[in-house]
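Novice: This is the structure, below, for whatever I ask next.
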Amino acid sequence: MKILATILTCAPAFIKAASQDYARHLELSILFYEAQRSGKLPANNRIYWRHDSMVDAGKDNNVDLTGGYYDAGDNVKFNFPQASALTLLAWSAVDWKDGYKEAGQWEYMKDLLKWGMDYFIKCHTDKYVLYGQVGNGSLDHGAWVPPEEIDYKYPSYKITASAPGSDLAAETSASMVAASMAFRDEDPSYADILLKHGKELYEFAEKYRGTYDLSITDAKGYYRSYSGFNDELVWGAAWLYRATGDKTYKDKVDKIWDTPYGDLDPDKFLGSGGPISWDDKKAAAYALMALTTGESKYVEESTKHSELMVNYNTTPGGLWYDSNLSMWGSNRYASNAAFTVAMLASTMDANNSKRKEYVKFVKKQIDYILGDNPAKVDYVVGADPSSPKAVHHRGASGSKGADKGPSENVFILYGALAGGPGARDNFKDARDNYEMNEVALDYNAAFQGLLAFLIKEGLNVPDPKQTWDGAWPPKEPKPDVKWDWNLEADEPSYMSGAPKIATGSGLKCAKWCIDLEVDSSNVSVQNVWGGKITENKGNKFTICSEYDNGYLDGKGTSQHWNFNFKKPNGGKGTDILPKTAILYCNGKEHGDAYLVNTDGSGAKPYGWTAGTCKPTFLCDGSTPAPSTTVKKNTTTVKKTTTTKKIEPTSALCYGYKCCETCEVQYSDETGSWGIENNDWCGIPDSCNEQDDEYPTCSINTEVAYVDEYKWGIENGEWCIIKEIPGENCVCKAEAQGYKCCSNSNLDVLYTDETGEWSVENNDWCLIKKC
């Protein structure tokens, strides 16, 4: 009995968390940030349901504010919390770089930072001008649409010398200076650019003082600066001191640090009793100065705060919990509390007993979040079958309202850290449960850094390969569309039907459109149920579903709609036969297209090649990011020229553009490569096609898709539309003071009465119409 009691007493120490695969969760967390991207997305976008959005951000003030990240489940770019999140992420990249490298995520991490920093560079339009928000909180929160479908205004807001924002300017400075350190060894030129902006922004913050929410008043209802700006002034100066070694910045830290503020003074800097947050940077500055200098006054303040965090209240299951803060985003605050503890632990000797205590505390918080909790929930979306499936997020929901559509989100928001449990470890996975199921940039920031820390500490325990439905990456890379016409001829002149449509292999469509062509002219649509007619041209029709009405779940569940066509003038309904049907998954504007076989036997990609990054599935998680990919060595190139038998390119996945010609300069295991405009480009798949693989279309065949060629469909099969170069091409750009685009296949970014416009060589150009 005594032996049994001893075993029971010791047992909890041997119970493994639901997952201790910190590397896998780190990979997922980076995916969350990719899902939050705004602007024109890169060619290797791994989130198939995300597309370009806010491509004219800043237009209201004649500035380019594209890029950056949407804040949470909404479509506003709040720069204050965005900068705070990016500072913590950059800090983790500087001090826990080995953790990212061991997880195989360093290239992606640099890309994450660069996407944010490039945006901040755009926001800093003049020495004392900084844009701090794109989008109006009230307008945005009053709508529920994905960012690609915003139909309301998204104004841009700024701080200036006459309308200052010391907290915003200093936090943005801190993020850029921290990121400069992350890029210093591998891209010193870019690091210099970031440091220059960081210095100017800190000068702006210090010279023209005030809280930013008095200048950008719309932010007050969402991210009010409760703690003032003293903490950001110390925080920004601390980063500049670490990056430059310039003692002037240390003096700026000490000026505020050593001031004897009263206990009730809102500007009091020392003695913080809470964790860091998007608003409060005091404890972060304690740890940063302790790490940078090792001086006793900084170490003592950081240690005092860490002791408070380690011995704070917890839920019964062990999650750090504050009754005032943690009601909204408890996982976030637990991660924030542990982050500064981990940073202080990084300064300690490996055999220090206090260090071991701190690492144990950090590990406990992360293991709880990953499933070692009473609710048995892994709070990282897409990490485990137990993970939340209905986080509060417009784009992922696939619905037109938080309380509409399927109870589970249509799309998996991989890597998002859900808000977290209540004080009793209770959790409710519901989209309208903002307190527990919100996601945001700042939720993941400290959490992701701690994952890198634990990996660096050698504590990562790989999970078995994830094979459950929805695991990353998707199990089946091929699209699967099934169709049943279910037609019935109603004499004398009607044809009715109730087509059934379904998708498998995880291909989810929040909404869909069908281009339908019948093999008969002079047909009219009498009625349509379950869809909406958006185009009606002769014997061609486009019918679209709407959000929350018959979405395709990727599991083979059939949805149907009904139609009734009429053959006038005494024609027979039996003459109205289906000719072609094209399904656009997730809508016609952004969705990928599938040519549905008219006999209902299946479908195939329409206008793109299955297996590339472009279409419907997330790309392989091992693919390098474009801004960090190392270019191939041109000195080893052997020149060959061919237009046939070229292996399909991986150019889109590897971050390069596709070549406009088929001239091969180099081939390796990833495919064939050419050189255009002094840079590598991937030989497109079309170069691998035999000349006789596709027939030439008949004259006047309608263009169905455009890539390197113009494509049409005849008799249910692809054909190439041949045309005489330059014949009937119209371009009147010169009259507007612009050039015509040299490539007529560029994406359309703007349309007016002159025509369709795109950007080439960093300037507007008019696309030729032929």
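Glycine too: its Cβ is placed from the backbone N, Cα and C atoms.
No curator has checked TrEMBL annotations; they are predicted automatically.
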Novice: Among the residue ranges 385-404, 625-644, I'd like the one that TrEMBL describes as region 'Disordered'.
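Specialist: Result: 385-404 is the stretch TrEMBL calls region 'Disordered'.
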Novice: Just to be sure I understand, if DSSP states are collapsed into helix, strand and coil, how many residues of the region 'Disordered' (385-404) fall in each?
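Specialist: Tallying H, G and I as helix, E and B as strand, the rest coil: 4 helix, 1 strand, 15 coil.
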Novice: Sequence gap of 6 or more, C-beta under 8 Å: which same-chain residues meet both conditions with respect to Glu438 (active site)?
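Specialist: Looking at Cβ-Cβ distances below 8 Å from Glu438 (active site), excluding near sequence neighbours, one finds Ala72, Gly73, Trp328, Gly329, Val391, His392, Ala418, Gly419.
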Novice: Given the model, what does the mean pLDDT over the domain 'CBM10' (730-768) come out as?
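Specialist: Per the prediction, mean pLDDT sits at 72 for the domain 'CBM10' (730-768).
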Novice: Quick one: what's DSSP say for Asp429 (active site), helix, strand or coil?
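Specialist: Going by the DSSP assignment, Asp429 (active site) belongs to neither helix nor strand, so it counts as coil.
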Novice: Under DSSP, is Glu438 (active site) part of a helix or a strand, or is it coil?
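Specialist: SS state of Glu438 (active site) = strand.
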